[in-house]
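Some notes on the structure that comes next.
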Amino acid sequence: MDCICFEPQWPADELLMKYQYISDFFIALAYFSIPLELIYFVKKSAVFPYRWVLVQFGAFIVLCGATHLINLWTFDVYTPTVAIVMTTAKVLTAAVSCATALMLVHIIPDLLSVKTRELFLKNKAAELDREMGIIRTQEETGRHVRMLTHEIRSTLNRHTILKTTLVELGRTLGLEECALWMPTRSGLELQLSYTLHQQNPVGFTVPIQSPVINQVFSTDRAVKISPNSPVARLRPASGKFILGEVVAVRVPLLHLNNFQIYDWPELSTKRYALMVLMLPSDSARQWHVHELELVEVVADQVAVALSHAAILEESMRARDLLMEQNVALDHARREAETAVRARNSFLAVMNHEMRTPMHSIIALSSLLQETDLTPEQRLMVETILKSSNLLATLINGVLDLSRLEDGSLELDSATFNLHFLFKEVLNLIKPVASVKRLYVTSSLSSDLPEYAVGDEKRLMQIILNIVGNAVKFTNEGSISISAIIAKPDSLRDPRAPDFFPLPGDNNFYMRVQVKDTGIGISQQDTPKLFTKFAESQSTASRNPSGSGLGLAICKRFVNLMEGNIWIESEGVGKGSTAIFYVKLEYPARLNESRLPHMRLQPKLGQTSFPGVKVLVVDDNGVSRTATRGLLVHLGCDVTVVSSGEECLQVITKDHKVVIMDVSLPGTESYNAARLVHDRFPKRHEKPLIITLTSNTDRSAKENLLRVGVDAVVVKPVSVEKMRTALSELLEHKKDVQ
């Protein structure tokens, strides 16, 4: 069989050479196109950090391409020049290839780190997006909280607060139901008080010790609870396949006082209400973190709003109570002021009405005493005088006590002779003590100043009262009076812890002690001694005379003088000792100008005043007669009138003295005294004006002295009292002229 053979168009070697030739051409073309693309990339890129690497890589590509291009001439017989060029190109390509390979060792880690940074930035961007989402959620939650807080705090009515809370939470969170359980009065159960969709849910209670309630009350966070728990079974279950999630949160009940809703406790401390919130049923919705935070914040805001409402209610109740108390106090104050005015008016009237007849009794009795009387008659007259003086002392004591209690009594401080005061007390007491054959002594320390500044009248009243009591309750033995300047270390007394004496450079404390050998005082009766209208049993049984006012008034006078007083006794039948401290001042100067008010002893020959013309002005006939009798007995030429107008008509410059009775009603006496004083402009023609008054008030005396009165004599007035007043004034006028 013959075989037909075809010879190939190109030999196999030539064909391979052709393919290589074509491949080298396209490889060279590709190599030359890549640098152009790299140049374009470098030109367009402004941030690429490895431009020189691209240039080097481009050179490598160009050399590779040049090698393949030169290789096209090697398929035929080529010249040595081509071989040299080919060799040079391959050497350069090898050098650039090695340099590029070495450079990639350093570039690849950088490129990998750039990739890592890129991933890091992507992660950070994702995290930032999540945080922004959280922030947006928090802002949304905050907006809801502010809205709810505004709605909750828009009222301070507790019922409105609770109802608004449920409504706003239900609207904001899209709740199916929301309920509030409050503790009952016993605190053992929670009662359903408010719900979102039921109007008046009452009577449904659950034990407060149930596990689910203890779980919620043990934390301040919102807690997810079972939809089937007792506090969450508030929705009808018909047609519902899946119940929505339920959370519960506690609501602190702060400062609840008389704060009741239905059966709330009057006082709730460390107690909580329970708020239950339910998502819609048959839905896949779940509670999110920001929603739970919203519920917790709202629960706290409700607690604060409830506390504010409770405080407001308490303050309103306190305000109402305070208003009632203020009304009652104002009413009591008006009644007290009315009572004080009535008492003062009564005392003033009684003082005037009692002193006026007492003045007549004492004046006429003293006149009668100086006449020739039989012993029996003299005894009766002396008894009348003693009884009258006792009654006058009682009147003075009642008035002084009244003024001490209402604070209107003030001390009248002036410079006086302290030593002479004790001598006068001794002279007044000795005649009374001699009747009972008692021995009375007085002892003054050598450092006791002769003159002092204080209320001489009140100090004498204190000493006379204490010494008088000693004489009254002592039947035999002696009475001693001593006075010294108290040392600073002896002023403090454990019996008077509230007594804080403060001696200074210009004052001193005088300690006066009156000791007797009388009937003594029992220990149980000692605290009663300074109580008004009270006497000890022992003294009252043995000597029932006295009003029980003396020591009470003495204590108040001593307190006014910044001092202290007490009485010591070892028992009944063992005598007693009265001790008191009073604060006095040292006089600035001891000259005559500083002692204008000191009592002067009348001269022995000045017992009557013959020829002295006296005008008596008194609207009371009996009192006018008694005063006239005193003056006539003293030798005066007396003219009497019954009113101020008659006084102005009758008075002449021959009248040396005008004695004017100051009646309580009206100001006629003040006007008459001022007109009499103004009628005679020349000093030597002015008559001396003496007023007889029942008012012992200091301001009344100052008002009389201000209108021109020269002396004020308090009723009742005896012969000796009138003689002393006239003697002092006439002697003083003679010295001035």
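Cβ atoms are placed via backbone N, Cα and C, with glycine included.
According to TrEMBL, the transmembrane segment annotation covers 19-40, 52-70, 82-108. Positions annotated as Cu cation binding site by TrEMBL: C64, H68. Taken from TrEMBL, the feature domain 'Histidine kinase' covers 349-586. The annotation domain 'Response regulatory' is assigned in TrEMBL to 613-730. TrEMBL lists K715 with the feature ubiquitin cross-link.
Across the structure, C64 (Cu cation binding site) and the residue listed as 'ubiquitin cross-link' are spaced 150 Å apart at their Cα atoms. The two recorded residues, H68 (Cu cation binding site) and the residue listed as 'ubiquitin cross-link', have Cα atoms 156 Å apart. For C64 (Cu cation binding site), the count of additional Cβ atoms within 10 Å of its Cβ stands at 22 [all protein chains shown].
Counting residues per DSSP class in helix, strand and coil order gives 56 helix, 26 strand, 36 coil for the domain 'Response regulatory' (613-730). H68 (Cu cation binding site): 22 other CB atoms within 10 A of its CB, across all protein chains. Sequence-distant neighbours of the residue listed as 'ubiquitin cross-link' (same chain, 6+ apart, CB under 8 A from its CB) are R355, T356, M358, H359, L692, T693, S694.
Predicted-model confidence for the domain 'Response regulatory' (613-730) is 82, expressed as mean pLDDT.
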